[in-house]
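Listed features, source Swiss-Prot:
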- 197-216: DNA-binding region (DNA_BIND)
- Cys20, Cys23, Cys29, Cys122: [4Fe-4S] cluster binding site (BINDING)
- 164-237: domain 'HTH crp-type' (DOMAIN)
- 20-29: region 'Essential for the oxygen-regulated activity' (REGION)
- 47-50: region 'Activating region 2A' (REGION)
- 71-75: region 'Activating region 1A' (REGION)
- 116-121: region 'Activating region 1B' (REGION)
- 140-159: region 'Dimerization' (REGION)
- 181-191: region 'Activating region 1C' (REGION)
Amino acid sequence: MIPEKRVIRRIQSGGYAIHCQDCSISQLCIPFTLNEHELDQLDNIIERKKPIQKGQALFKAGDELKSLYAIRSGTIKSYTITEEGDEQITGFHLAGDLVGFDAISNLQHPSFAQALETSMVCEIPFDTLDDLSGKMPNLRQQIMRLMSGEIKGDQDMILLLSKKNAEERLAAFIYNLSHRFAQRGFSPREFRLTMTRGDIGNYLGLTVETISRLLGRFQKSNILSVKGKYITIENNEALAQLAGNPKPRL
């Protein structure tokens, strides 16, 4: 039976609340490793927001850090604006990811976060979370684990851009995206790209034309099937080798 207070919160939030205990991607998020009592305490500080529409900003560069955001569904891109006024994409965040860690050092967001599709997020007030983590070692350790994962992702991206050619960059991007979908219980072989080819090119330091040409090459080589935004991995071993992962995960 669902405790009465949770039923009330569901009604007051307009039916959008999915609590940590019920969330299908909690193993990727902050609740992982927490016991039932700790989950209840965390659940009480989380604010469930209504859907964020495609193109809507979650926060902007320069905004004060007030909350971290756990993505329940959808895709969020993070980006900065260069001195020349150009957009530079720094990441694509999927369900289970937390957005806003890079604001902790200065308590101010250094980047923008924008929905690439209709998305649902849980807003977690940072000051309250910080206070709670001081009382709950499991929570503190999980936050550190998530932050470590983000640092590792940044390091992998630097390596990707510095050592791989265009073909290897795109192969690694698709291969890693496939793995991330698998972690979330989705098909690692067939999926839809929520980002445009322009976004992918921006992220990988390649032109839109190069992305389109490479996708065509992968298709001719029977590595992928491409239909608009829909990707099917036909030869995962070949994709893995091209991406620099000799042992495919699938």
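In case you wondered, yes, glycine gets a Cβ from its N, Cα and C as well.
Owing to the predicted nature of the structure, the values given are computational and were not obtained by experimental measurement.
Tertiary proximity for the region 'Activating region 1B' (116-121) is limited to same-chain residues at least six positions away from its ends with a CB under 8 Å from its CB atoms, namely 16, 48-49, 51-54, 58, 69-77, 92, 99, 194-195, 199.
Counting only same-chain residues 6+ beyond the ends of the region 'Activating region 1A' (71-75), those with a CB under 8 A from a CB of the stretch are 18, 23, 25, 52, 92-99, 115-122, 194-195. A C-beta separation below 8 Å, combined with a sequence spacing of at least six in one chain, links Cys122 ([4Fe-4S] cluster binding site) to Ile46, Glu47, Arg48, Lys49, Tyr69, Ala70, Arg72.
Across the region 'Activating region 2A' (47-50), the prediction's mean pLDDT works out to 76.
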